[in-house]
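**Student:** Dumping the structure here so I can ask a few things about it.
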């Protein structure tokens, strides 16, 4: 019994130990699984980080990435994206090579362990059954021997007693012989059972149990080897991506080494150089001599005694004032000494007078007075509209410095030429298709492409006209063509030096309604308008003529600057159509006009309508 109990204890110990081994394996699987989740999360965060700082397409940020430092940063973002990809590879390899394999192995291990311990319990139950059979045979043999001994004693007692009949003695003798025979049979059975048990016990302890224990040992050793191999694979998966990660880091280092401060500085210079030349020195003004003021030949204007009108800003300025001259400084130079400077305006901000009424006409004043009035006056509705709508700038980029204007015009010419080439390629393709249709009518109708060919021809002609227009402006900027001139108008000697320059004022909006006028916060003034428009800036603008009427479909509260409030069902005059930005310019009376959403009104255009 002690042996059986001891053996049973060993089975219990082995069962607990092997279960602990499986728990360790499952714990390691969970550890690797969580590591893969961390790798995936890290890779996702890296990709989101790289995407977050990528420049947006068709935005100002994309233009900033032409510098070497920002190019290096962009390369770093791209490499970080590849770096994140390697962490995804780590997660995928660990999932397939470790987590998946070990999960299947654990299921197989549980089945094998269950089988081995089932065999062990079965062998243990068999040997216990044999032992019980041996004990029963032994007790039966012992009982039969005792019964035979008592029967023999009773027979001897009966045989010695003279008072007992012979028949009783014979009966006692037969009973003693029967009991003795039963004892012999029990002895033979016990001997056979004992031999059988000894054989079973020998096989149990020397064959069956050792075999089962060996299988359990091999199973446990395979588990230990397998977890060791998985740990090695865990390290190898990381080691396999190290060369690629190293290449990513090398590319980041290479990008960092490509940063060149000189190149970036030159790009900044090229991007922002204006083409202006510094103004000349200003002569001393002697106020001790009343009504006398001299201006240096190198200042903003020529002396009054000089009959020529040569601009003193240099040929490259093309009528532009030096951008760092403040407006009050400029006015002190341009104002006639006989006329004191006008008082400062109530507000120099373009937003101070939204939708203000048109200024009534006044008598003509000297040019210096008019120029003073222009420089200190508030912008009219044309300019205000361009500010309200985002300030896209005039079509000829005349609001830019000469160098920047040249670049923009050249860029526009290149874009138009590309568009022309695309249209010409499409036209050539359609022409070939038409020739094929003519030769093979069954393939298609040749006349079906005529309408498209005509459209392409019109588009090409329009684009060529646009190219000519921008090339003319470009030639003017580059000095290949003379600036537009007209017969000399009434100008004082002070302004003869400025015959090629004027202020880019709101009057230009008549030619380009979507143009922009920007008055900087520092009140730095740029003036660039052909001389043909110079005098026009000093004439009060006539109100725009009405081109139709409209009916308000909905009530609109014009709370923003530049807009006008309308009531549902109200009839108003249309003075400017929608230019594609969703706004229509209307007029209620002579002093009230502004913009309303096009979708809020129903327009009735009349080409023959006269100005209100």
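Residue positions begin at 1 at the first shown residue.
Just so you know, glycine gets a Cβ as well, placed from its N, Cα and C.
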**Student:** Check each of the ranges 231-264, 333-366, 435-468 against TrEMBL and return the one annotated as region 'Disordered'.
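**Tutor:** Result: 333-366 is the stretch TrEMBL calls region 'Disordered'.
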**Student:** I'm validating the feature mapping. Which of 170-196, 197-223, 386-412 is tagged region 'Disordered' in TrEMBL?
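**Tutor:** Based on what TrEMBL states, region 'Disordered' spans 386-412.
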**Student:** For the region 'Disordered' entry in TrEMBL, name the matching range from 107-153, 483-529.
**Tutor:** 483-529
**Student:** How many of the residues that make up the domain 'REM-1' (399-476) does DSSP mark as helix, as strand and as coil?
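**Tutor:** In the domain 'REM-1' (399-476), the DSSP-based counts are 72 helix, 0 strand, 6 coil.
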